[in-house]
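Take a look at the structure below.
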Amino acid sequence: MTIQWFPGHMTKARRQIEAKLKLIDIVIELLDARIPISSRNPMIDEILSGKRRLVLLNKADLADPGITEEWVRFFADEGLQALPVDASSGMNVQQIFALSREILQDRLEAQRRKGMRPRAIRALIVGIPNVGKSTLINRLAGRSAAATGDRPGVTKGQQWIKVGHDMELLDTPGILWPKFEDQEVGLRLAATGAIKEEILNVDDVAFYAVKQLLQHYPDALRERYQVEYGEVDLDNPHEIVELMEAIGRRRGCLMSGGAIDLEKASLVILRDLRSGRLGRISLDRP
Ligand code: G4P
């Protein structure tokens with residue numbers, strides 16, 4: 001679901017998260033592994049104000065593994081532990097428990113020293129829409145526990161969900177808005193499906209995606225669509241559009257007169273990109 005984020009919604013979303021922060025020990029910040037910076041809320045450090053944090057690079061199954069490793073190092077340099085996960089399959093999800101304990105180790109130690117039995121770690125998942133918050137909650141809870149509440153301003157009774165043997169999650173995740181100011185960020189969000197491409201022009205999003213693919217994954221389009229192309233001049237939009245048309249021709253994206261339907265071709269390319277059929281692709285690079 002796409003949210004129109006107006007300033008009022010952002011303020012409300014922020015307040016809701018700030019209210020929840022009081023209840024929890026650790027924030028699980030969910031980012032899209034293909035676009036860890038573009039899928040990050042621009043005010044996140046300010047909003048979380050020093051709360052302990054574990055960064056998850058979700059949808060790692062769709063991201064370029066080498067680039068994801070670079071991101072893990074990037075976050076480590078920022079002082080943040082980052083773990084690539086795939087919430088749909090559960091890859092690495094069990095590591096969240098141990099890493100959270102590690103991040104809170106000093107506190108758990110202090111409780112033990114005082115003779116207190118450490119209580120369950122309380123966590124909140126935050127992230128922009130579509131990044132996989134509900135999928136992760138369901139995966140961690142091992143059942144269909146999460147109510148998708150992608151509506152800023154809708155408050156629900158909160159509940160703790162027990163996950164693992166020593167963690168509790170707030171059942172409603174914190175929903176954050178992405179960056180909007182930067183056009184390239186918008187294109188990356190749209191290309192990966194974080195925002196509906198209808199907000200932008202479908203052709204523009206696909207054009208951007210094709211250009212990125214040619215630059216960083218030059219064989220991806222050739223392999224998927226069996227189109228032949230030599231050296232494409234990335235600064236020449238005509239050459240990129242011609243390639244998109246060639247893909248459209250290959251896929252039978254034709255209008256009634258027989259002309260190529262570029263919009264249809266664009267949708268084919270974007271669908272394939274998002275589902276991983278063009279390979280494991282990262283659009284943000286450290
Ligand atoms: P949200 O609560 O943060 O809004 O996200 P949600 O869990 O609803 O997940 C959004 C989409 O992303 C879902 O696809 C979900 O299956 C997919 N997804 C979540 N985690 C992963 C992952 O690690 N890998 C992959 N490949 N996909 C993941 P969907 O139900 O098909 O929705 P849509 O594609 O129609 O948007």
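Heads up, residue numbers simply count up from 1 along the chain you see.
Quick reminder: no glycine exception, Cβ is built from N, Cα and C everywhere.
A TrEMBL annotation is a machine prediction, not a hand-curated record.
Features as listed in TrEMBL:
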DOMAIN    13-178  domain 'CP-type G'
BINDING   Asn58, Lys59, Ala60, Asp61, Asn130, Val131, Gly132, Lys133, Ser134, Thr135, Gly174  GTP binding site
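For the recorded site, Asn58 (GTP binding site), the DSSP three-state label reads strand.
When the binding-site residues Asn58, Ser134 are compared by the number of other CB atoms within 10 angstroms of each CB, Ser134 has the fewest.
According to DSSP, Ser134 (GTP binding site) is assigned to a helical segment.
Counting only same-chain residues six or more apart in sequence, the Cβ atoms lying under 8 angstroms from the Cβ of Gly132 (GTP binding site) belong to Leu30, Asp32, Asn58, Lys59, Ala87, Ser88.
Site extent for GTP: among the recorded binding residues Asn58, Lys59, Ala60, Asp61, Asn130, Val131, Gly132, Lys133, Ser134, Thr135, Gly174, the largest C-alpha separation is 23 Å.
Cβ neighbours of Asn130 (GTP binding site) (same chain, under 8 Å, six or more residues apart in sequence): Gly193, Ala194, Ile195. A 10 Å cutoff on Cβ-Cβ distances gives Gly174 (GTP binding site) a total of 26 other Cβ atoms nearby, all chains included. Remark: Ala60 (GTP binding site) has Ala33, Thr68, Pro84, Val85, Asp86, Met91, Asn92 as non-local neighbours, by Cβ distance under 8 Å and separation of at least 6 in sequence.
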